[in-house]
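Student: The transmembrane segment annotation in Swiss-Prot covers 34-54, 68-88, 113-133, 139-159 and is backed by sequence analysis.
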Amino acid sequence: MTQHTQTPSMPSPLWQYWRGLSGWNFYFLVKFGLLWAGYLNFHPLLNLVFMAFLLMPIPKYRLHRLRHWIAIPVGFALFWHDTWLPGPQSIMSQGTQVAEFSSGYLLDLIARFINWQMIGAIFVLLVAWLFLSQWIRVTVFVVAIMVWLNVLTLTGPVFTLWPAGQPTDTVTTTGGNAAATVATAGDKPVIGDMPAQTAPPTTANLNAWLNTFYAAEEKRKTTFPAQLPPDAQPFDLLVINICSLSWSDVEAAGLMSHPLWSHFDILFKHFNSGTSYSGPAAIRLLRASCGQPSHTRLYQPANNECYLFDNLAKLGFTQHLMMDHNGEFGGFLKEVRENGGMQSELMNQSGLPTALLSFDGSPVYDDLAVLNRWLTGEEREANSRSATFFNLLPLHDGNHFPGVSKTADYKIRAQKLFDELDAFFTELEKSGRKVMVVVVPEHGGALKGDRMQISGLRDIPSPSITNVPAGVKFFGMKAPHEGAPIDINQPSSYLAISELVVRAVDGKLFTEDSVNWNKLTSNLPQTAPVSENANAVVIQYQGKPYVRLNGGDWVPYPQ
């Protein structure tokens, strides 16, 4: 009888279980394409780790399939993390406000996210991958590209993954007519009101520069007089705070040549709103008498000398508050009172005609009617001083005409608002009242989207959103300004507005035979373009914009 000895089977070498990326090849190819087009804030190391997780050989086929199921939510989260879309913190913080949007507005926002050209390009990529994968091991090329992208992060402190030669339409922060002051914040030089930008734009250097900026801003303020001189002339100050209006929006709407702009005495060409949301913008304006604080500091008590309207109240200016809306959305009115220091009663809105319905369905009143009510009310208080804060909402995204669910065309609304302001200016000129009108938009409406954000999305305060058309006009002057407006081309912000108010606060320029406009507008405080929301910061450094999301690394803002 023959005995057969059975030798135990040897386990297969681990290398036999390398299965490639399979369908995940397409996932990474889509990312590479979006990265090249500038649509991603790509994180090379995280993606390399995810790829290694997918490639790791697993002998048991069931565990291999389970890995793919686990990878689906991980891959989705990583893809979201690699985009410029709002993060979980931002979505949660804005969630209650989004819930108040009308259904029509929500559908409109969803439709804007659909990019048919991008969908077409992804479809072509899918067909190409399916076709070529019959003969080519695509995994090899995908892994090679991923390794190359990670190597790039090690070749230097700063690099860009976007195609070279992209233009920037930013402002170079040069001195112009500003005072050539030199101060220090710690051991960092601050030249011409702004920290020097000499170091290379690494994350460490940009963080250090931003800290220097805020340290320098803490020391800046405009000083109001303790009292007005006996020969001071009473006048009214009207501050008009317009939501969703930037120079980019004006240009996109084709309204750069509207007569309203020639009506101003002073126009700021590079005024930075510092944020892209209404509440923070209003707080910054109401605290205009001090330097620019960080977003977090906005919701902490400020020095009493920072509140513009309180400074005016100490000099005898009666405070007034007007809105063309109820101020309830997002707790706007509450923020204005608690953080902006505006405690005046809201002007009576009864009987005002409704011009629009807001994105949350609440009424937006006719602005000319609101302004005329203010003018009528102030006429009953002749020879007095007043300071009025007027916040208006007609240009906000999602506003629609009564009875129509579709968002009203921005240009139609902007044309109407500009016509109304122009007509109001004409009426003020006829009235002969001494009035200083200051127009400071909150932020832009993002009428034109970019590679980071679709039209209407303002989670990231990009330069096109925060560069707003601020202007000043004096009425009732004995020697009014003639000719084209005086352009302020230096980078400016709210401190410059407070400085202009201080220079005019005694009202003497209304009765002077000749006004020294050069003295009035020269050496206004400059402010470096720094814009911030809760989860995003955008700065201009060495003439180029950089963005930091959720406290991460700085990257060039894609143009």
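Cβ coordinates are placed from backbone N, Cα and C, and glycine is handled just like the others.
I'd like to know what surrounds each of these features in this structure.
Tutor: Beyond its flanks by at least six residues, the transmembrane segment (34-54) meets 21, 24, 28, 67-68, 71, 74-75, 78, 81-84, 118, 142-143, 146-147, 149-150, 152-153, 161-163, 166, 451, 549, 555, 558-559 of its own chain at Cβ-Cβ distances under 8 Å.
Remote same-chain residues near the transmembrane segment (113-133) are listed as 25-26, 29-30, 33, 39, 454 (criterion: CB distance under 8 Å, separation of at least six residues from the stretch ends).
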Student: Are there residues at least six beyond either end of the transmembrane segment (68-88) with Cβ under 8 Å to its Cβ atoms? List them, or say none.
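Tutor: Distant contacts of the transmembrane segment (68-88): 24, 27, 31, 39-43, 46-47, 50, 53-54, 94, 451-453, 459-460, 535, 549-550.
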